[in-house]
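Chemist: A single structure is presented below for examination.
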């Protein structure tokens, strides 16, 4: 496995692979890898001849009061983990390499409307603009055949899929299932921020989603009633501070009153300063 | 020469060329070809093995009160002209093929800041967003090695170059010189709108730019004085209605007070309902 830091180097590497008629899979990450990322690497290796991982904490997708500076970074640890999962090359550019005009800013942005208005988009203005812009850059740099994204960031997957359709981006987006800790907590690089108490109470997130799935299986179709039950269960944990709990259409993320179609039940909850997200697909037939 | 109407067809065509190790040049147009477009085709054939022309009147770059509906269209005539200049394939998609969600709209846009605030960008809100978005789509569909743009739309060239730099778009942008009628009028598909009287008076545009170049050669460095002289000459024509006359930095299109660097002298003038643009590069050393 090799680690490359410049755009010119990764372009040359990928071009050489293409000359050998190899297909290329990209796993875009912000590093501080966990089992969720590694499952994406395994998917990439299953689908493609060569698996490229980008590791880049993208300043453009962080708000001014968010955790860009403190976001955990450890390239050496990441490289060892990625290699163990079978990655072929890591592309780990500097902020200046990705945003050469300085200060981590860009005059050009990719904006996706509508599907960015709800869920995390409502509370993190500019976040998905930063995501869509850096993903476009990474696609243009690596030119992968397929790109692998985890469904923990379900809205991100929907946004990228919308962007790829609208801009005719020649990349196949492959969504991959959420990977969870044995006790149910969705894997996240931000889990390391949690205190012991917060970590225990955060188990309520996946538990509340499982409860919701059961309710739906028992026939619940009223979105408000379902959301209230989830909120009530989370609020039993004194350290939990709900950002949102929403039931939206899986297709276009518009809020649902009645659960009469495939839906996404998504939530964001703060424990102290740490904001965790989780979600589950409600497989409801029309 | 062949004409293709679907994205799938042009992708297949280009892929076959690439399998044969051929390089691909793209000439994006809105059709109703003139000598300016044909000069781009000749450039494309000189630089690349295969020359692709797109012909697509892009609704996204027209304002609600602009001439999208009346913009001249004649594919048969265009095909004959393009073939005579050596084009290999024309990609002429429908509006629904490019914007399948209907009504010629897209949820995703590519926005370029700063360089779109002046000149035509100031008077045509959303215009360059539409241009950047459709050019991104065309680049993603055709995946050319190089793309050829005329300098009559100098701001468009600067916007596309900025976008390509910011998004790491893997396409080389090749700017090509303005082509003029024998009497100096810059070639434009919109020239057909002009009445005989307007056509005669429109000659003042290139004449005023030539006069400005002379003044600069004689030592004029005050932008306001130069602009006033250009405006005065144009205003002598009773049918001319000035939209703007501006002197801007060639690098980032910021307005100049003093002509102390390579500059673009650009103008937009209406004759009746027809808005014409023209410009000239002032080759001033810092």
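Using the three backbone atoms N, Cα and C, a Cβ is placed for every residue, glycine included.
If you look up TrEMBL, you'll see A:37 marked as active site, proton donor. The ATP binding site annotation in TrEMBL covers A:30-37, A:150-153, A:179, A:187-190. Residues or ranges marked as (R)-pantoate binding site by TrEMBL: A:61, A:156. Per TrEMBL, beta-alanine binding site is recorded for A:61.
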Chemist: Which one is closest to residue A:179 (ATP binding site) in space, judged by CA to CA distance, out of the recorded positions A:37, A:61, A:156?
Modeler: A:37
Chemist: Measuring Cα to Cα, how many angstrom lie between residue A:189 (ATP binding site) and residue A:37 (active site, proton donor)?
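Modeler: Counting only the Cα atoms, the answer is 10 Å.
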Chemist: Including all protein chains shown, what's the count of other C-beta atoms within 10 A of the C-beta of residue A:30 (ATP binding site)?
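Modeler: So the Cβ neighbour count for residue A:30 (ATP binding site) comes to 19.
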Chemist: Going by Cβ pairs closer than 8 Å, show me which of the binding-site residues A:33, A:36, A:61, A:151, A:179, A:189 neighbour chain B.
Modeler: none
Chemist: Across all chains shown, how many C-beta atoms besides its own are within 10 angstroms of the C-beta of residue A:33 (ATP binding site)?
Modeler: 26
Chemist: Nearest of the recorded positions to residue A:61 ((R)-pantoate binding site) by CA-CA distance, picking from A:30, A:33, A:36, A:37, A:151?
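Modeler: Nearest listed residue in space: A:30.
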Chemist: Highest CB neighbour count within 10 A among the binding-site residues A:61, A:156, A:189?
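Modeler: Of the binding-site residues A:61, A:156, A:189, the highest Cβ count within 10 Å belongs to A:156.
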